[in-house]
Amino acid sequence: MDNRDFSISNYRADTNPKRRVGHTRQSLHLSTLHDHHTVLATTGPCVTATDSNNSHGQQPLVQSQQNSPLLEHLSPNSFLMDEFNTTSLPKPSSSSIASASSLTRLYGPSNLTEPMQPGHSSSSRPIHSRKSRKLFLADPLNKRWLGELENRSSNLHSSSLVSSGLESDGINGSEVFSHPFQETVDSLDAAGVQDLILPYEDFTTIDWMRDLMRDHRRKHRLLARQYPGWKSYFYSQFDSMQSWLLVSIIGISIGCAAAWIDIIAAWLTDIKQGVCITEWYLSKDICCTGLVRTDGYCRDFQPWSWVIFGAKYNVLVNFVLYGLFSIVFAACSAIMVTRLAMYAAGSGAAEIKTILGGFIIKEFLGLRTLIVKSLALPLAVASGLAVGKEEPMVHIACSIGNIFPRLFPKYKANEARKREILSASAAAGIAVAFGAPIGGVLFSLEELSSFFPTKTMLTSFFCALVSRMTLQFIDPYRGKRVMFQVTLSRNWFFFEMISFVLIGIIGGLTGALVIRCSLWYQAFRRQNGWSKSSPVKEIILISALTAAIGYMNVFTRIDSLELLETLFKECDTYQDSIGICSTQWGYTIVLLVFALIIRTILTTITIGTKVPSGIFIPSMVWGALFGRILGISVEQWQIAYPHLDLFFSCPPEKSCVTPGMYALLGAMAGLGGVTKLTVSLTVIMYELTGTLNYIIPCMVTVMVAKLVGDLFGHGGMVEVMIRIKAFPFLDPRVDEIIGTNVSEAMTSIDHLVCFKGKGMMLSDIGELKVIFACFHKVMKG
């Protein structure tokens, strides 16, 4: 009896792609008899042990029903090379054939098949040596070739991996079918070892260990290769420099994308109110550089009524054109998202956090999503909707960080290593959005990344630095780091700590209220058929409402970034043009309260619409509005009663309260109440102010806002959206304590279904198949 050994390696894959959490590799051995060939043939989703001498399709010896990813076969005298060791295969007895075959019930056939020559039977074709054996990778679903493998050595026929199905005498070509499971080849080293890439399916979790081991094998192959002369040193240095070169390219690209979005959004925002009559393509800020009078008038930037009717100023014309531009911008943004890339809607922060945790969402970080979001985001911001561009900027940055690694073999097919680049890209996105590189690194560490080693922190720091330098070189804000750069000269006093705590409390309460109301409105939107089927009409309605109500108040009419810049200013050094420093402080407070209510409501109903939108700037706006209201009130109180014991530290007959600082703390409290950020938010605001005087007030306000917000629910808006969308994310900051024993989660031995090593009949396997089918049906409910 001539026994020949085969090694069959299988990748396990769950039939439900949303539950698949990776791929595990197992090996089993199968003996074939010389006079009665027992082979594994593939019949659709089944793995069947058949008698190859039976040409009439008789009943199979062993059959296992399951979705089948990959089957690898080693020829006689083969050895395992996957972990770079040589392991001789044992020769099991013929009685273990059924046992070994039954282990394959969870696995299946290969999709790599060798084309058969017409007119030749594979049963009469022995295993022989060929100088070049071509194995084609076929996809039966779309009928196209996907790749070609080359076995470059003629003397490795007995040891090289045959990754196609079983190539043995006794297998008819009709018995082997390809499975629609795409695979390519990562590399081929000098020994002929093929490192097979198994692409991840959509909505699956990556196998961290498999990708890390692939990178380890890649490094091993690089060290094992011997190049003549200087080539060996060059290749080793290039491999170590790939990450820095890649991060540099990504940082420059993110800086250019941020400059594009800032310039276009600023010009579109100003075009709603007027045009630069000297250079129509310039925004108001650039057009009026050095030309603004003390009353805020700029002769080179005129409203539309002046452009249309000459020197006449018509409020109705300006209002109509303001609303028309707002509706057109919002509608164009929604149409681009709904027609071209649905993944461009929203902020994308929840999806990015899930992706960085190891989840696969194909096309979310693709080129189409990048282009659509880069074009639709300036339109959404310029429309006047209560949206921000900071979180979408992180989505754009991560999309850039996902595209460029395709050009580098070190990261092209390694999802685990690619997550390091995505973390660095997210840090660069915040760096260019707020002008805070260090804050961007800490934001990626605190809010987004689940895996953030020291090497990733250094990469993120460098990427944030390059992107910020690129943006500074383009200089869209004419010397300022960001649109709402803060400059405060006064110091704070200890009696103001009561006000700082109050700001934190209001910020935490309002943040929790906005999250609850937003979730309620999104549930209402899902139940409302009109809102669900007509997202563009919904956006048009919201933008029309925003423009109509916002135009009535000067604090809601201007852009959010310009409003923040105005609220953060000190009245001693600010050229007031909209009345924020008016002596009629009562009227100013009324306008600010009206703007606070309107902005909060509009933020609640705008979240979740089909336009690129972020929550950072809207939450900072209503927080800054409340802070300015409280600051003006405390300032007027101190001016009216300067001799109170509460104000003993203030100089007599002089105001010692800075409403701009209250607005800054209010913006931090509003953002902290919605996102539950602490360290990164404090550092970002420190980089905006550029002074250490306000570190303690910032820390107190942010901490109070987080503590108050945690009383009404764990996690910020990002975590809540992850739970709503049911993404598989394990928060490392949450300790899940399960009050059950391990034995309670296991199947009892009385109900355990087992395959016996010997003595099983075909009818027994059929009964087990019925049991599995019933159990699967019960589990699916």
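Glycine too: its Cβ is placed from the backbone N, Cα and C atoms.
Values in this document were obtained by computation on a predicted structure and should not be read as measured data.
As recorded in TrEMBL:
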type: REGION; residues: 1-24; note: region 'Disordered'
type: COMPBIAS; residues: 1-13; note: compositional bias 'Polar residues'
type: REGION; residues: 44-66; note: region 'Disordered'
type: COMPBIAS; residues: 49-66; note: compositional bias 'Polar residues'
type: REGION; residues: 108-130; note: region 'Disordered'
type: TRANSMEM; residues: 244-268; note: transmembrane segment
type: TRANSMEM; residues: 319-344; note: transmembrane segment
type: TRANSMEM; residues: 421-445; note: transmembrane segment
type: TRANSMEM; residues: 492-515; note: transmembrane segment
type: TRANSMEM; residues: 535-554; note: transmembrane segment
type: TRANSMEM; residues: 585-609; note: transmembrane segment
type: TRANSMEM; residues: 615-634; note: transmembrane segment
type: TRANSMEM; residues: 662-686; note: transmembrane segment
type: TRANSMEM; residues: 692-713; note: transmembrane segment
| field | Result, the transmembrane segment (585-609) in contact with the transmembrane segment (244-268) (3+ CB pairs under 8 Å) | value | no
| query | Counting Cβ pairs under 8 Å to the transmembrane segment (535-554), which of 585-609, 662-686, 692-713 comes out on top? | reply | 585-609
| Taking residues 6+ outside the transmembrane segment (692-713), which of them lie with a CB under 8 Å of any CB in it? | 488, 491-492, 496-497, 500-501, 503-505, 507-509, 511-512, 515-516, 661, 664-665, 668-670, 672-674, 676-678, 681-682, 685-686, 720
| So which residues does the transmembrane segment (662-686) touch in its own chain, when a touch means Cβ under 8 Å and the partner is 6 or more beyond its ends? | 430, 434, 436, 438-440, 442-443, 445-447, 486, 488, 499-500, 503-504, 506-512, 514-515, 564, 567-568, 615-616, 619-628, 630-631, 634, 692, 694-695, 697-699, 701-706, 708-710, 715-718
| request: Could you tell me what the rest of the chain brings near the transmembrane segment (615-634), counting residues at least six beyond its ends with Cβ under 8 Å? | output: 347, 386-391, 433, 496, 499, 502-503, 506-507, 510-511, 514, 555, 560-561, 563-564, 567-568, 580, 585, 588-589, 592-593, 595-596, 599-600, 602-603, 606-607, 657-671, 673-675, 717
| task | Report, as numbers and ranges, which residues of the same chain sit near the transmembrane segment (319-344): CB under 8 Å and 6 or more residues beyond its ends. | result | 268, 271-273, 304, 351, 361, 363-364, 366, 368-369, 371-373, 375-377, 379-380, 382-385, 535-536, 539-540, 542-544, 546-548, 551, 557, 609-612
| query | Going along the chain, which residues at least six beyond the ends of the transmembrane segment (421-445) come within the CB cut-off of under 8 Å? | reply | 243, 246-247, 250-251, 254-255, 258, 352, 355-356, 365, 389-390, 393-398, 400-402, 405, 411, 451-452, 456-457, 459-468, 471, 481-482, 485, 616, 677, 679-681, 683-684, 686-688
